[in-house]
Amino acid sequence: MHAYIVEGGRPLSGRVGVHGAKNSVLPILAAAILAPGESVIHNCPALSDVSASLDILGRLGCRTAQSGGTITVDATVLTGSSVPDALMREMRSSVIFLGAILGRTGEANLSLPGGCELGPRPIDLHLEAIRALGAQVREEPGGRLSCRGALTGREIVLARPSVGATENAMLAAAAARGTTVLHNAAREPEIVDLQAFLRALGAEVRGAGSSTVVIQGGKPLHGGEFTVMGDRIVACTYLAAAAAAGGSVTVTGADPAHCSAVTAVLQEAGCTVRSAGGAIELISRQGLRGAGAVHTAPYPGFPTDAQPPVMAALARGRGTTLFVEHMFENRYRHVSELRRMGADIRVEDRVAVVCGVDTLHGAAVEAADLRGGAALMVAALGAEGESRITGVHHLDRGYASLAEDLSALGARVRREELTFS
Ligand code: EPZ
């Protein structure tokens with residue numbers, strides 16, 4: 001077990017680059033299954049979810065290799081179409097392998113992904129999409145899912161713009177015979193990255209980033225080479241950290257346009273934000289003020305993944321901010337820990353009212369989920385005194401070099417092994 005020890009109250013300054021996007025590399029690694037060849041994927045972040053994906057690929061018979069940020073996946077020969085429970089449990093988003101395994105082999109056997117810290121994570125939209133393409137889907141005892149059948153392209157309308165369901169439908173449709181038109185698709189930048197990777201494999205996909213994605217399925221696919229986009233949520237986390245601690249920080253490696261809903265809120269709270277040449281500069285000189293109402297929404301709205309770190313930044317300052325979490329039922333688990341640091345936050349169902357306080361105090365706090373952990377780090381940086389953040393394994397799912405990056409900006413953050421005597 002590890003903990004982050006943070007000495008707060010130090011302004012941040014300098015320049016930091018973000019690693020490749022977790023929520024892009026995961027569906028891309030799954031998509032590599034579709035091509036009977038070798039794919040080379042650059043800018044892959046060193047995250048536990050990436051390791052879990054490599055475990056799944058290996059189990060399916062793919063040969064994988066990793067050198068620095070480059071992962072090679074040779075999917076020439078697959079030896080199976082089943083993902084065991086233990087591997088499915090390693091990563092919540094392992095359901096993203098469904099469409100690719102089914103598309104490549106004609107069948108897929110995996111477990112229903114459990115709920116996670118954010119609440120129930122249904123996959124009904126995923127299953128509706130692959131059923132629409134012609135797959136028979138059987139839910140078996142013990143939470144196993146058995147899918148099989150030849151896939152044929154057709155029009156699909158998603159009941160809601162689910163990121164994962166959009167990705168699964170795109171991957172299955174790429175292997176289906178004929179054309180698929182996917183309506184009400186998610187518009188996240190990671191979907192555009194997935195389209196670009198599929199094109200590198202020889203697939204014909206267009207429209208990603210809009211609500212309608214068209215896939216001409218059945219094209220012969222081959223291995224491809226690709227570089228994953230920068231992680232916009234890591235970028236937003238670092239900007240929130242600069243807002244919380246004060247100072248002047250430039251974040252590179254993520255597209256500023258992908259972060260605009262978040263930088264708009266930080267500007268409303270009194271930060272100066274400038275974007276130029278693919279970099280985002282945030283200056284926070286005086287205390288923050290309330291930012292009005294912040295509603296999480298599908299892209300291009302305010303991203304739910306940025307709600308916890310931005311809330312943590314706004315917990316210290318003068319003024320009130322109202323958060324409404326429309327995407328997940330249980331995404332305020334960081335609030336109780338922020339209160340231990342002196343935050344004044346009241347939660348009623350999906351609404352959180354944050355009244356800025358003059359001072360937050362360092363405390364021993366525990367991360368309950370990935371972005372909630374990021375919130376605790378952001379609050380600790382702006383707090384007086386020392387904080388000890390446990391539950392670091394949650395953070396390791398989405399932040400590859402958190403302590404190093406923040407220390408390079410002048411923060412006092414160290415990672416310690418917990419020993420229980
Ligand atoms: C992706 O999750 C991201 N994960 C999440 O990031 C992100 O918060 C989320 O999109 C929203 O942007 C990855 O990309 C690996 P959804 P996903 O399907 O695909 C409901 C992080 O911290 N829904 O868009 O699971 C669902 O319950 C993670 O990096 C159904 O009802 O999100 C949720 O309320 C957390 N039925 C809403 O839709 C379904 O079949 C949005 O979920 C699927 C989803």
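These residue numbers are counts, starting from 1, taken along the chain as shown.
Using N, Cα and C of the backbone, Cβ positions are placed for all residues, glycine too.
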For the UDP-N-acetyl-alpha-D-glucosamine site that TrEMBL lists with ARG121, PRO122, ILE123, ASP124, LEU125, ASP305, MET327, give the additional residue from the candidates ARG89, ARG92, ARG154, ARG274.
ARG92
Measuring Cα to Cα, how far is ARG92 (UDP-N-acetyl-alpha-D-glucosamine binding site) from CYS116 (active site, proton donor) in Å?
7
Cα distance (Å, whole number) from CYS116 (active site, proton donor) to PRO122 (UDP-N-acetyl-alpha-D-glucosamine binding site):
10
Considering each pair of residues in ARG92, ARG121, PRO122, ILE123, ASP124, LEU125, ASP305, MET327, all listed as binding UDP-N-acetyl-alpha-D-glucosamine, report the largest CA to CA distance in Å, no decimals.
22
Based on a Cβ-to-ligand 1 distance below 6 Å, what subset of the recorded positions ARG92, CYS116, PRO122 would you report?
PRO122
State the Cα to Cα distance, in Å, between MET327 (UDP-N-acetyl-alpha-D-glucosamine binding site) and CYS116 (active site, proton donor), rounded to an integer.
14
If you measure ARG121 (UDP-N-acetyl-alpha-D-glucosamine binding site) to LYS22 (phosphoenolpyruvate binding site) at Cα, how many Å is it?
18
